[in-house]
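Features as listed in TrEMBL:
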- 20-37: transmembrane segment (TRANSMEM)
- 49-68: transmembrane segment (TRANSMEM)
- 80-97: transmembrane segment (TRANSMEM)
- 117-134: transmembrane segment (TRANSMEM)
- 143-162: transmembrane segment (TRANSMEM)
- 174-196: transmembrane segment (TRANSMEM)
- 208-227: transmembrane segment (TRANSMEM)
- 247-268: transmembrane segment (TRANSMEM)
- 275-291: transmembrane segment (TRANSMEM)
- 297-315: transmembrane segment (TRANSMEM)
Amino acid sequence: MVATKPNASTPITGKMSPRVWFYSILLTLQYGAQPLISKRFTRREVIVTSSVLICEIAKVVCAIILMAKDGSIKRLAKEWTLMGSLTASGLPAAIYALQNSLLQISYRNLDSLTFSMLNQTKIIFTALFTYIILRQRQSIQQIGALFLLIMAAVLLSIGEGSSKASSTDDPEQILFYGIVPVLVASVLSGLASALCQWASQVKKHSSYLMTVEMSIVGSLCLLASTSKSPDGEAIRRHGFFYGWTPLTLIPVVANAVGGILVGLVTSLAGGVRKGFVIVSALLVTAMLQFLFEGKPPSVYCLVALPLVISSISIYQKYPYKVKKKEA
């Protein structure tokens, strides 16, 4: 599937088509259900790196099947170039890998409240980089909706882990190993999301192909890290599939499907709207926990619910309108 080049009439800044709504709802449900699925079907002994690598392989297989189904695989085989692949997918994949490392460093040195608040600034940076790279503007109302979404995301994150305190009282360590890494990670997240959107909408890079390429790059980075990581040592000691059962494939495949949907939503709706989907999924998780585990939603969740609904409604209702002089 190849996205069209964005313009003033595309659904990126206007109203979303039924197909985009469908993909967004599916991604919301998948992302929201994933924590419960993983908890139920993944044993504690399973080595994280092994499940991530199998998930990446599953994403590649699913994407290739979909490309074969829509007939794009033959054309891509003729048009594919290494340089184009590295530009469109290699750079975002490397940025995401660095972002994840910075988040791990920051999380160890910040309390939950500070980490959650700073981590959600990635939504603003996504909007900023889509403007810088793609020249896609936000209306005043949409900017307000983004701040409502950030408030909701912070509340939901606090509700999930408000008991975690900072591991250090050293101001310099908190600044340089806590605040700075999470802010840089937020900037990188926004940049990578905008680059993926640019590759799919401007360079007309298939979202399925991007999924394949980014999965391969991410897997290579992960394999390289196993030489010194604790997971690598565990794999060498116990074996790659240590702790696995046939049911372990359920969360792995579900996560792979989610990866495909992320590519489609980013391609068709943009990185900013993907942020709305991810935050909405946190509400789905809270609802599913209540239905299947009897865990009532926290006060933070109840306060965040109207904020999420309001932000989505405002963002959809008041798109940026191109003035006659600009057009």
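Glycine too: its Cβ is placed from the backbone N, Cα and C atoms.
With Cβ pairs under 8 Å as the measure, the transmembrane segment (80-97) is packed most heavily against 208-227, out of 174-196, 208-227, 297-315.
Beyond the ends of the transmembrane segment (208-227), by six or more residues, the same chain brings 1, 49, 52-53, 56-57, 59-60, 63-64, 66-67, 72, 76, 80, 85, 88-90, 92-94, 96-97, 196, 199-200, 235, 259-260, 263, 267 to within a C-beta distance below 8 angstroms of the stretch. Against the transmembrane segment (143-162), the recorded stretches 117-134, 174-196, 297-315 differ in Cβ pairs under 8 Å, and the greatest number is found for 297-315. Within its own chain, the transmembrane segment (20-37) has Cβ neighbours under 8 Å at 11, 250-251, 254-255, 257-258, 261-262, 264-265, 268-269, 273-274, 277-278, 280-285, 287-289, 292-293, counting only residues six or more beyond its boundaries.
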